Amino acid sequence: MVTVLDTVSKPRPRHPEKAHRPDQEVLRKPDWIRVKAPTSRGYLETREIVKTNKLVTVCEEAGCPNIGECWDKKHATFMIMGEICTRACAFCNVATGIPGPLDPNEPANVAKAVREMGLNHVVITSVDRDDLNDGGAQHFADVIQAIRAATPQTTIEILTPDFLRKDGALELVVAAKPDVFNHNLETVPSKYLTVRPGARYFHSIRLLQRVKEIDPSIFTKSGIMVGLGEERNEVLQLMDDLRSADVDFITIGQYLQPTKKHHPVKKFVTPEEFKSYETIAYTKGFLMASSSPLTRSSHHAGEDFERLRAAREARLSLAKTA
């Protein structure tokens, strides 16, 4: 099927690859998912810093429901390597297409923004860049090094793509020594073909495992969305897969459908069900688990890092006395 797009009289569509898909019903959100519109002074100041430094945030691009809360506290997740992704995941609101060249000034601009915002902890993520030989690994490393030079006290968390078929890319990123390496599985393996078709579930598991093999001191983290049609037992098996890769921290949040062209929400998981997942995650051995309707990978990342570090120290102390 060929989709003809008019880009002369109309601007380029955000998701051209989804234009031919039938509209999906967008379900009304339950009361426990409602959030206030962002209008605070802190939010506006953060937005101005982002704009002045010509930066992209996943908060805006992915339509995160927590943007008002996070930006009010001067927390933001910077999205490097542009705003155009080479993948076309069925759940994601980030634009798909052919990205432009990397901005050589971006590492310095990100570091400047981190300093201006006075961040104790920063999260750096990116679009997928399958067009680059290293998937953008060296650019990740450059950003980490620029932040270290500008604000040595800032702890750094990265949320990376999978670097599929990019030999040596992971090693480049790990060598830059981020404090937290996050790579999201996004969903259970049975949903990959329809939800995350460009990725491979067990490649992502192996990626996380390799981080620990290369540098055991780096915290590892992964997140999923629920409400995509997965079964409960599949979520529990996914937890086991992550623990087999020695992943420290799991996040579980509700999938929210960005547009009628995206994958539909199959279920709004209740707060009680989320709490149950969190309890089970701790029994399976995760150092930390965050599970709630509005949980996102970077939500409360700074506070969570302190708790994560304390949990590791407590576990090590317990092991010494045993």
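Glycine is treated like the rest: Cβ placed from N, Cα and C.
Owing to the predicted nature of the structure, the values given are computational and were not obtained by experimental measurement.
Swiss-Prot lists 1-24 with the feature region 'Disordered'.
Annotation source Swiss-Prot lists compositional bias 'Basic and acidic residues' at 14-24.
Residues annotated as [4Fe-4S] cluster 1 binding site in Swiss-Prot: C59, C64, C70, S298. Taken residue by residue with DSSP, S298 ([4Fe-4S] cluster 1 binding site) is part of neither helix nor strand, so it is coil.
The domain 'Radical SAM core' feature in Swiss-Prot is assigned to 71-287.
Swiss-Prot lists C85, C89, C92 with the feature [4Fe-4S] cluster 2 binding site, giving sequence analysis as the kind of evidence. Within 10 Å of the Cβ of C89 ([4Fe-4S] cluster 2 binding site) there are 20 other Cβ atoms, across all protein chains.
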Within 8 Å of the Cβ centroid of the [4Fe-4S] cluster 2 site residues C85, C89, C92, which other residues of the same chain have their Cβ?
R87, A88, F91, N93, V94, T96, V127, D128
According to DSSP, does C89 ([4Fe-4S] cluster 2 binding site) fall in a helix, a strand, or coil?
coil
Return the count of C-beta atoms lying within 10 angstroms of the C-beta of C85 ([4Fe-4S] cluster 2 binding site), excluding that atom itself.
23
Relative to the Cβ position of S298 ([4Fe-4S] cluster 1 binding site), how many further Cβ atoms are located within 10 Å?
27
Reported as an integer number of Å, what is the Cα distance between C92 ([4Fe-4S] cluster 2 binding site) and S298 ([4Fe-4S] cluster 1 binding site)?
16
